[in-house]
Amino acid sequence: MSTPEPLDGSTPTSTSPPDRSGFDAGAQSAKSSALRKRRAQIKEELSQLQRDFVDTFDRAKDSDNPALSGLRVDWFLRALPGVGPTKTTKILERLGINPRATIGGLRINQRTAFRRELVELTKNLQPRRTIGRLVVIAGPTAVGKNTVISEILKARPEIEMSVSATTRPPRPGEVDGVDYYFVPDEQFDALVESGELMEWAVVHGTHRYGTPRGPVLRQQRAGKTVLLEIDIQGARQLRDGGEEALFIFIAPPSFDALAERLESRGTEDSDERQRRLATAVEELGARGEFDHVVVNDVVQDAAQDIVDLLEATTPRGD
Ligand code: 5GP
């Protein structure tokens, strides 16, 4: 239960006794509730055959993300069409696996046996491809992501852009709900705690940005391709969280070209440019984590490369 807001505007006091260890019980319980929500969603996607069982298992077994590695094996099996509690118990007994074990907690031989079983159980399942795909585009500062994306949207106007939430104030001409959802810090905190953000990050060391899950899911369920333009940290979170998406990295033709672009657009002072370039060095090192790297030398060519990629990688049945 949350502490009621005092009407005199003072800071709310917690009803629980102070904990000298620094352990924040409220934050912990919000975290576990977000985790439970995420796991329930993964199970729902599995049972709707919107994600692949073996692929999800492969990601979960080595993942650092507790939403994935903490998935219970009995839960996982029961998401399979036609596998109920009795069959689940029998399979786990035969494999010598405790039903309460998590995927991340399986021993090597158990993993091998469980995976073999999964391959067998899922070999005749037909994935339902009614759900639209997620495309994540990231790249270092000043690489020209926005211009490339505008060109992609001209060629493929049916693609939906996700609208992020941010704590940064709007710039002149920016519209709330169109460019971003501009939210105060407390609202952003609430979005994080409720698990409503698929990913979020502090970008350029100042403001927070995050992708609201609800609108993305609704558009995907309507069969739409949804495009996310986010920073590298956010893309990494989605990948580590086992999100099924096409991850595209936009790279500059060279580091010098990036520095020149940053300087010529003239929107940052010299200190800020140095800071962004230092981040860019790190970000460029992340290119290997993406499914595809597209070099933005000529904007139209980069956009066309991405449109081609979308077509070439469209799952059959879409
Ligand atoms: P700007 O403030 O210039 O609009 O955006 C700054 C950076 O924030 C961009 O490089 C963009 O990639 C990143 N960004 C925008 N939305 C999101 C989001 O939802 N999540 C993350 N992680 N980064 C975002």
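Glycine is no exception: its Cβ is also placed from the backbone N, Cα and C atoms.
Note that TrEMBL annotation is computational and uncurated.
Annotated region 'Disordered' per TrEMBL: 1-39, in sequence order. TrEMBL lists 132-311 with the feature domain 'Guanylate kinase-like'. Annotated ATP binding site per TrEMBL: GLY139, PRO140, THR141, ALA142, VAL143, GLY144, LYS145, ASN146, in sequence order.
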Contacting binding-site residues, sequence order - GLY139, PRO140, ALA142, VAL143, GLY144, ASN146 vs ligand 1, Cβ under 6 Å:
none
For the recorded ATP site, enumerate neighbouring residues of the same chain (Cβ within 8 Å of the Cβ centroid of GLY139, PRO140, THR141, ALA142, VAL143, GLY144, LYS145, ASN146, site residues themselves excluded), in sequence order.
ILE250, PRO252, LEU258, ASN296
Counting only residues 6+ apart in the same chain, whose Cβ is under 8 Å from the Cβ of ALA142 (ATP binding site)?
PRO252, LEU258, ARG261, LEU262, ARG265, ARG276, ALA280
Using CB atoms and a 10 A radius, I'd like the single residue among the binding-site residues GLY139, PRO140, GLY144 with the highest neighbour count.
GLY139
List nothing but the one residue from THR141, ASN146 whose Cβ has the fewest other Cβ atoms within 10 Å; the candidates are the binding-site residues.
ASN146
